[in-house]
Amino acid sequence: MRKNKKRRYVMKTLYVAVFFLAGMLTFSYAQDDFYYYHGEKKAIKLHPTLRYIALEDSIQHMKTLLDMGAQIHERGVYTTQEKERYWVIVDIVKENIKNIQQLTTLPNISYIGPVVGVNDTSYVAISQFFHIEVTLESQLNQVIELAKKNGADYVGAIPYTNGWHTFESKGSKSSLAIANQLFETEKIKEISPDFMFDFAPFLNKMKDKRFFGNGTQTCTNDPQFPQQWGLQNSNGIDVKACTAWGITKGSLSTTVAVLDTGIDPTLTEFATNLSSTSFDAQSGTSPAVVYPSDHGTHVAGIIGANQNAFLISGIAPSVELMAVSHSLAVIPNISAQLASGLNWAWQNGADVINNSWGDQGGAFYGNLQSAVLESAINSAQNSGRGGLGTIVVFASGNYAPVMDYPATYSPNSLTVGSITSSGSRSSSSGYGAALDVVAPGSNILSTTFSNTTTYKSGTSMAAPFTSGLAGLILSIQPTLTRLQVNNFIESTAQKVGGYSYTATAGRPNGTWNNQMGYGLINAHAALVAAGGGGTCTPSTPPTVINGTNYTSNTALNGCNFEFTNSNVTNNASLTVNANGYVLLASDFSVVAGSSLTVQ
């Protein structure tokens with residue numbers, strides 16, 4: 001999707017005129033106004049005049065378009081089979097017409113296809129590629145032959161994605177039309193059109209030095225720690241890192257993968273914990289690449305910058321970091337490549353995968369989803385860690401109120417929003433029904449190139465706090481399931497910001513708010529709830545629950561609990577897993593048919 005605010009990785013906007021006769025299009029979009037998703041037709045709205053064009057080179061053939069008077073909205077480059085290829089988005093103006101066959105017959109223009117969207121700034125191209133999952137691998141050759149008859153060539157299996165394959169339209173038919181026709185043969189389990197999502201994160205980079213934190217040097221000897229308000233803040237709005245480190249700082253036996261623009265391996269902050277095992281999802285090869293953006297390096301520092309008397313500290317300074325790189329540029333096959341990265345990560349030992357990227361997708365114009373990407377998320381959550389499940393963390397996105405895709409896809413992911421140092425939701429932080437927790441995301445200091453630090457803001461910065469916490473939990477309890485880790489993080493979250501947190505159907509881990517999820521993550525409380533440290537004493541500050549009506553089954557985990565003016569109704573069960581005490585005030589009630597269990 002195209003968003004004017006977002007920094008782009010492609011060259012943009014050359015304004016010249018291209019004139020085509022709409023009535024002379026030699027290919028039809030009759031089967032392009034829908035796609036199959038899990039066997040159901042999903043309608044999409046095509047842009048009336050924008051088209052995606054694939055080119056074989058950039059100089060001679062871009063000039064051909066310009067000579068024909070093309071209005072080029074956007075262009076980019078990608079690599080297939082070690083060859084650079086190019087794409088453009090052009091506008092087919094309905095006046096002063098030229099024959100589009102001049103384009104389709106040019107040897108350098110390999111494909112012209114539709115674009116999804118309603119205006120010239122909010123759109124998603126559908127590339128010449130599409131991805132299929134065959135019902136049986138033994139049927140693949142039949143599918144390849146059928147695709148060839150319909151004008152599509154077989155490209156190959158998608159690396160590390162069991163059963164998924166890529167095809168490329170070579171004729172006048174659109175890739176979407178061919179994919180739909182193939183699905184209707186019933187030899188296809190699933191199709192995934194190649195929507196060219198804009199997954200590159202939009203965030204604010206602070207240009208000046210800002211000192212927002214109020215940490216103390218007794219917690220760690222890293223000199224810039226006092227500027228890291230998210231770890232320790234004088235007003236208490238932080239993740240309680242210092243007390244958590246009294247239990248654990250992580251373990252090299254726990255691996256947190258960062259699927260992002262790469263992690264700079266030359267930094268002193270990663271000298272002891274950056275894994276030599278890495279992968280570049282864009283090329284499908286090892287090792288990882290460090291792309292020009294420092295986004296991935298900044299995210300990695302929030303998770304695992306070493307405590308070494310140099311610069312900053314990560315929330316989990318002793319966990320192992322694993323780099324899985326991608327430029328996050330808008331290119332064909334981006335969803336399939338990110339799917340490869342996710343699958344490679346869990347298949348190579350990632351306990352946690354941080355994903356500080358996403359696109360609103362259809363939030364503005366039509367619910368676009370990538371089945372191949374979602375399949376990889378499911379595989380990580382269900383098959384990772386020997387079947388215990390890899391913890392998959394996504395940023396909620398920076399275009400409030402909408403949330404990013406695929407953060408909205410799976411209830412088994414941890415989706416993280418951003419707060420400011422005062423405890424309020426960051427103004428751009430996406431929120432809604434899929435939001436799980438929040439973490440510090442405004443004015444976050446972390447690592448960048450050349451052994452320096454910089455401030456950035458966004459949910460991209462909030463997600464790694466949560467990924468790091470998951471790494472801490474698994475460092476002390478490596479046999480926990482994905483669900484257990486998620487539950488410990490959610491049920492111990494702090495109810496900050498003055499928002500109204502209420503019992504909510506489908507949210508069993510305590511009270512919830514659509515702008516804050518379960519609240520601000522609490523590293524110390526989550527570790528104690530998971531059985532770490534033995535630091536829960538009668539003097540440990542309790543979780544105070546006041547005025548809550550539990551109407552659905554709920555489990556709470558933590559140290560000490562105090563309930564006032566609360567009740568359990570509607571045949572619901574409330575389970576309190578307390579490592580300390582539970583205090584029930586006289587106005588606490590459990591109505592007939594409901595239950596309270598303290599353990």
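Numbers run from 1 along the shown chain.
Heads up, the Cβ atoms here are built off N, Cα and C, so glycines get one too.
Features reported for this protein in TrEMBL:
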- 254-519: domain 'Peptidase S8/S53' (DOMAIN)
- D260: active site, charge relay system (ACT_SITE)
- H295: active site, charge relay system (ACT_SITE)
- S460: active site, charge relay system (ACT_SITE)
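In this view, H295 (active site, charge relay system) is surrounded by 26 other Cβ atoms within 10 Å of its Cβ, with every protein chain counted. A sphere of 10 angstroms centred on the C-beta of S460 (active site, charge relay system) encloses 29 other C-beta atoms. The average pLDDT for the domain 'Peptidase S8/S53' (254-519) in the predicted structure is 96.
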